[in-house]
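Q: Sharing a structure here in structure tokens format.
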């Protein structure tokens with residue numbers, strides 16, 4: 001028969017084994033119950049984050065509504081103003097496209113400069129500096145062109161009849177004298193002295209692209225050029241100037257001779 005001391009030792013060994021077995025069994029059950037839920041929580045969090053990102057990318061912004069303008073200066077905003085706005089926008093777009101085509105036509109199939117080609121043994125850092133300078137220059141030109149378009153669009157809204165002039169030009173003085181002194185035109189023509197305007201040269205260049213006329217004066221009715229000083233003088237001499245203005249402006253412009261010569265009875 002085993003001694004009491006040996007029985008107690010065997011009892012403690014069996015008790016320790018049972019407790020160890022219970023501990024690992026409980027830990028295994030806890031791990032099995034928790035891990036799927038943790039994986040599921042991580043899955044749902046990931047899916048929700050992807051959904052939020054997709055919604056943020058697909059969410060459309062609100063469109064900006066541009067208020068109407070009284071383009072024809074008749075005191076109200078009507079269909080005529082919408083038609084005129086579309087005409088001016090089309091002319092500006094056409095002029096911009098024409099300028100781009102002219103720039104491309106200057107040097108078709110022009111080979112790259114040796115300094116612009118990076119090959120084996122070339123300095124890539126120098127090329128990157130050149131590219132950065134070109135990008136900056138193009139960005140500056142684009143911003144300036146946009147500023148010119150905005151300014152020109154603003155000028156064309158000031159009156160149906162715009163006289164682009166230069167203060168020292170005798171031909172401009174002649175055209176202004178005929179239109180402003182010999183005729184009563186309502187709304188009153190708006191005069192732009194390009195030599196006194198900060199964007200004068202750029203505006204004149206844009207007018208050349210739009211109308212084909214590179215010199216001043218350049219008289220425009222609703223964005224349509226009717227010529228320069230000689231053209232205005234010829235129309236006035238032939239008694240066709242008032243009719244020309246009315247043909248383009250229609251009922252939105254009133255034109256009448258300032259001085260009427262009475263016939264002796």
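Note: Cβ is positioned from N, Cα and C throughout, glycine not excepted.
Summarising the annotation, TrEMBL assigns compositional bias 'Basic and acidic residues' to 90-104, 128-137. The compositional bias 'Acidic residues' annotation in TrEMBL covers 138-147. Annotation source TrEMBL lists domain 'Glutaredoxin' at 161-223. Feature annotation from TrEMBL assigns region 'Disordered' to 52-75, 90-147. What TrEMBL records for 7-28 is transmembrane segment.
Walk me through the surroundings of each of these features.
A: For the compositional bias 'Basic and acidic residues' (90-104), the list of distant contacts is 145, 149, 152-153, 206, 209-210, 223: same-chain residues at least six beyond its ends, Cβ to Cβ under 8 Å.
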Q: Could you count the residues of the domain 'Glutaredoxin' (161-223) that DSSP puts in helix, in strand and in coil?
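A: Its residues fall into 27 helix, 17 strand, 19 coil.
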